[in-house]
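**Q** Please find one structure pasted underneath; my questions will follow.
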Amino acid sequence: MLDIQLLRKDLDGVAKRLADRGYTLDVAAFSALEAERRAIQTRTEELQARRNTLSKQIGAMKAKGEDTSAVMAEVGGIGDEMKASAAKLDEIQARLSELLLGMPNLAHESVPVGKDEADNVEVRRWGTPRQFDFDVKDHVDIGTPLGLDFETGAKLAGARFTMLRGPIARLHRALAQFMLDTHTQQHGYSETYTPYIVNPEILYGTGQLPKFADDMFRVEKGGAENTVTQYLISTSEISLTNTVRESIVEASALPIKLTAHSPCFRSEAGSYGRDTRGMIRQHQFDKVEMVQIVAPESSYAALDEMVGHAEAILQKLGLPYRVVALCTGDMGFSAAKTFDLEVWLPAQNTYREISSCSNTEAFQARRMQARFRNAQGKPELVHTLNGSGLAVGRTLVAVLENYQNADGSVTVPEVLRPYMGGLERIDAPAQAS
């Protein structure tokens, strides 16, 4: 959530920066609500002052034995008007809050201004795409004989669900374990296991609600307790970041660095017709998430560090990738600055997103009321960052395509072999004659 004081001080400037993000701020509506709020507050202060004066007058009149009924009646009328003003002020504050909850974060000054992904800026590349001396297959054709089962996934749950079997399931698990071990043993994160179901206010905290309700899976408790709607997490960023919700942490506890492996559930409401083949866009997928909660002055150094942590996973796996700075029009709702990592997929002959690392600055913290005690001992909003480290399913896709062999087998990347019982290659099972 944006700081309302910033809008009050520089409404036109904020409107311009929001326009760069593709959001049109209703300046007239905001100004009208603010004018009404100020008028009510001014009138309330006047009424309070008048009531105080009359209260003193009543005391003096009683001391003299004078009749106070007329003055008491006026005080009662003031009280009624103040109650009505308070109710109206609550209504205005709720409408202002609704406006604020729908506004995206402001982009950092270093973010390139642009409309969509075509305006993103490539920062660097790592690795050289492999040159194959045979016709490359995509992950569907490679993986199906090895245990990728799209047919059963669809039978069980519908489109965009996949079942993994045998060595492919083991490779998927190995990737997640490798990522967690790297982040906890080398990058300083604390491993966390989080709930997969959360309450609505948790999603307001990290910015998924109210704007993106259609992208979420809603669930209801059975039995007599089915009055509360809850949600499946679309990323463990949600639960990890909210661990500091409505709390004040000591400065000495920062940075807080958390990682978790979890399934993620997304309805993909706006993705009809996109990536319908294979595992690239699923309703359920696994991800290893990184979250950092830091002091404001450290957040951009933390963002660079987090990008480096995601890069380290790809480098250890030997997967070529590029780092892209997202433009204002392509960033997520809560982000002030985002870098995407895109991995090379030979069958598509292009780079595809595999990680997104963002600094939300105080945007989520303000919604969560997550603070730390600064050097002066005063509570101050923390900055929160999140990043994929990595999307496990898409990493599996990249391994299958980049490590495929002409005979249909897949070489297991060296760093994964300890997690695969020393297995060096995944071969398709022999066909019965």
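For all residues, glycine too, the Cβ spot is worked out from N, Cα and C.
Relevant sequence annotations retrieved from Swiss-Prot are reproduced here:
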BINDING   T235, S236, E237, E289, S388  L-serine binding site
BINDING   R266, S267, E268, E353, I354, S355, S356  ATP binding site
**Q** Of all the binding-site residues here, S267, S388, which one's CB has the most other CB atoms within 10 A?
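**A** Sorting the candidates by Cβ neighbours within 10 Å, the top entry is S388.
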**Q** Taking the centroid of the Cβ atoms of T235, S236, E237, E289, S388 as the L-serine site, which other residues of that chain lie with their Cβ within 8 Å of it, listed in sequence order?
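**A** The answer, listed by sequence position, is I238, L240, A260, S262, C264, K287, V288, M290, V291, N386, G387.
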**Q** Whole-number answer please: how many Å between the C-alpha atoms of I354 (ATP binding site) and E289 (L-serine binding site)?
**A** 12
**Q** Just jot down the residues in the same chain as S236 (L-serine binding site), at least 6 apart in sequence, with C-beta under 8 A of its C-beta; none if empty.
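**A** T192, T194, A260, H261, S262, C264, K287, E289 - these are the non-local Cβ neighbours of S236 (L-serine binding site), listed in sequence order.
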**Q** Looking only at C-alpha atoms, tell me how far S388 (L-serine binding site) is from S267 (ATP binding site), rounded to the nearest Å.
**A** 19
**Q** Near E268 (ATP binding site), how many other Cβ atoms are within 10 Å of its Cβ?
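**A** Its Cβ shell of radius 10 Å holds 15 other Cβ atoms.
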**Q** Would you mind listing, in sequence order, the residues at least six apart from E353 (ATP binding site) in the same chain with a Cβ closer than 8 Å to its Cβ?
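**A** Spatial neighbours, sequence-distant, of E353 (ATP binding site): D340, L341, E342, R394.
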**Q** How many whole Å apart are the CA atoms of S356 (ATP binding site) and E237 (L-serine binding site)?
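**A** Approximately 12 Å lies between the Cα of S356 (ATP binding site) and that of E237 (L-serine binding site).
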